[in-house]
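For reference, TrEMBL has these:
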ACT_SITE  Asp38  active site
BINDING   Asp38, Glu225  Mg(2+) binding site
BINDING   39-43, Arg51, His55, 83-85, Trp87, Arg89, Arg206, 212-214  substrate binding site
ACT_SITE  Asn86  active site, proton acceptor
Amino acid sequence: MDIDEKKLGEYYANPPEDISLADVDLERIPHHVSIIMDGNGRWAQARGLDRSEGHVAGVDSLREAVTTSVRLGLDVLSVYAFSTENWRRPQHEVDLLMHLFATTLLNELPLFHQENVQLRFFGDIDALPKETADVFREGLAQTADHTGMTFALAVNYGSRAEIARAARELASEVAAGTLRPEDIDESVISSRLYTAGLPDPELLIRTSGEMRLSNYLLWQLAYTEFYVTPTLWPDFSRWDFLRAVKAFQGRHRRFGGVTER
Ligand code: IPE
Ligand code: IPE
Ligand code: MG
């Protein structure tokens with residue numbers, strides 16, 4: 001996406017000591033950044049608050065991450081908001097999150113219109129509570145003709161479930177005689193995943209210091225650069241985003257070969 005350098009400069013005014021916009025190469029911003037937004041509960045507990053307060057605070061970080069991504073000219077920002085395993089949490093926490101997703105999305109629709117952001121979901125959103133599913137479908141409809149950055153929210157997403165679903169779909173097409181097994185290659189499989197048509201993430205950020213994928217984008221992250229920060233999600237700012245991009249730009253990506261690129 002195009003970068004509006006004037007807006008970007010204003011957005012990154014008043015830098016802290018260790019990082020500034022000049023530290024990143026605007027020609028080499030990753031096209032797709034994905035974030036595992038983790039640590040809301042610990043952020044709240046450290047303040048003697050209920051875990052739910054951490055989720056509420058995390059919404060501000062997410063809004064900032066969306067704006068940062070637009071300003072930096074990303075094509076795609078995707079974020080992991082709720083996994084297929086998160087249903088194991090206490091019912092009141094699940095209920096709060098589902099309600100928070102719905103209200104947040106409604107509140108943020110003006111931002112998506114203003115910034116021309118197209119919304120997308122990874123995961124089975126039909127299985128969500130009706131209030132949430134309805135708002136999500138409304139968000140899809142309202143942003144369908146937007147041509148700017150894609151913002152993908154992974155909700156009720158699990159990578160193994162995603163791959164199993166793709167396998168079922170392909171198997172039924174083979175059974176129906178519309179697909180030949182020998183035609184199933186990597187691109188065919190990619191085209192049946194929730195990320196169909198999107199470039200794989202070049203950079204994955206996980207907050208709160210956890211060094212695991214938690215069932216996120218197992219196929220798509222095959223050659224992604226990982227950046228783990230101890231910062232908890234509600235504390236993650238535009239500057240942390242810049243630190244991650246800077247770290248990414250310092251990596252040598254070899255893709256199995258022996259030279260860079
Ligand atoms: C991430 O924060 C948000 C969701 C998984 C919905 P957590 O709720 O996992 O926070 P911690 O990991 O318990 O601190
Ligand atoms: C991963 O975080 C899922 C999301 C951030 C939505 P979790 O907090 O659920 O992951 P684990 O349980 O620590 O692996
Ligand atoms: Mg967590």
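Each Cβ is built from the backbone N, Cα and C atoms, and glycine gets one as well.
TrEMBL does not curate its annotations; it predicts them automatically.
The structure, with features from TrEMBL marked on it.
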residue: Asp38; record: active site; CB count, 10 Å: 22
residue: Gly39; record: substrate binding site; CB count, 10 Å: 24
residue: Gly41; record: substrate binding site; CB count, 10 Å: 21
residue: Trp43; record: substrate binding site; CB count, 10 Å: 25
residue: His55; record: substrate binding site; CB count, 10 Å: 23
residue: Thr84; record: substrate binding site; CB count, 10 Å: 18
residue: Trp87; record: substrate binding site; CB count, 10 Å: 11
residue: Arg206; record: substrate binding site; CB count, 10 Å: 23
residue: Leu213; record: substrate binding site; CB count, 10 Å: 15
residue: Glu225; record: Mg(2+) binding site; CB count, 10 Å: 19
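Separation of the C-alpha atoms of Arg206 (substrate binding site) and Glu225 (Mg(2+) binding site): 11 Å, rounded to the nearest whole number. By the rule that a residue counts when its Cβ sits under 6 Å from some atom of ligand 3, the recorded positions Asp38, Trp43, Trp87, Arg206, Leu213, Glu225 yield Asp38. Taking a Cβ distance under 6 Å to any atom of ligand 2 as the criterion, the binding-site residues Gly39, Trp43, His55, Arg206, Leu213, Glu225 reduce to none.
Non-local contacts of the residue listed as 'active site, proton acceptor' by the CB criterion (under 8 A, 6+ apart in sequence, same chain) comprise Val94, Leu97. Secondary structure at Gly39 (substrate binding site), taken from DSSP and collapsed to helix, strand or coil, is coil. Here the candidates are the binding-site residues Gly39, Gly41, Trp43, His55, Trp87. The one whose C-alpha lies nearest to that of Glu225 (Mg(2+) binding site) is Gly39. Checking the binding-site residues Gly41, Leu213, Glu225 against ligand 1, the ones with a C-beta less than 6 Å from an atom of that molecule are Gly41.
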